[in-house]
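> Got a structure for you, questions after.
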Amino acid sequence: MLLTHLNEENQPKMVDIGDKETTERIALASGRISMNKEAYDAIINHGVKKGPVLQTAIIAGIMGAKKTSELIPMCHSIMLNGVDIDILEEKETCSFKLYARVKTQAKTGVEMEALMSVSIGLLTIYDMVKAIDKSMTISGVMLEHKSGGKSGDYNAKK
């Protein structure tokens, strides 16, 4: 497969998307943060001194999606139509699963924005609770679904 971010001299370049068609693009990404029971209970019971952890993670995830092109060198700056984040409580494993759905009308997809949104949301949870549990783990950050564009739809294997 040809790497599109390299020119003929094997040097980095940003792909020219000028001739591509503007279409609706949607991406859904997810990831998980696991922690000890004390940290999990502190989040659920709103006992974290830094404030409301899950609400802050949602805001951070939205900000992460908006800042993606500033942090990933070959990522195009695109207008986002919406970012929707859900955080599921997983009591039995003392973890939270974060989903980010990003939508746009553009010439390129929003997979990186969805993945960045998940990553920043989970890192925010870690930051806010690290005083209680430094051994938290972030895992399984992945693209679940994408639609729109020339390459068509993608659904992760379950």
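The backbone N, Cα and C atoms fix where each Cβ goes, glycine too.
According to Swiss-Prot, the record shows the following:
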- ASP127: active site (ACT_SITE)
- MET74, CYS75, HIS76, MET112, GLU113: substrate binding site (BINDING)
> Determine the Cβ neighbour count for MET112 (substrate binding site): the number of other Cβ atoms within 10 Å of its Cβ.
22
> Three states by DSSP: which one describes CYS75 (substrate binding site)?
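Reduced to three states, the DSSP call for CYS75 (substrate binding site) is coil.
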> Would you count the other C-beta atoms found within 10 angstroms of the C-beta of CYS75 (substrate binding site) for me?
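I get 17 for this one.
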> Please report how many Å separate the Cα atom of MET112 (substrate binding site) from that of the residue listed as 'active site', as a whole number.
22
> State the Cα to Cα distance, in Å, between MET74 (substrate binding site) and the residue listed as 'active site', rounded to an integer.
27
> Near HIS76 (substrate binding site), how many other Cβ atoms are within 10 Å of its Cβ?
15
> So, three-state DSSP: helix, strand or coil for ASP127 (active site)?
helix
> Relative to the Cβ of GLU113 (substrate binding site), which residues of the same chain, six or more apart in sequence, are found under 8 Å away?
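Counting only residues 6 or more apart in sequence, the Cβ neighbours of GLU113 (substrate binding site) under 8 Å are ALA27, ALA65, LYS66, THR68, ILE78, LEU80, VAL83, VAL102.
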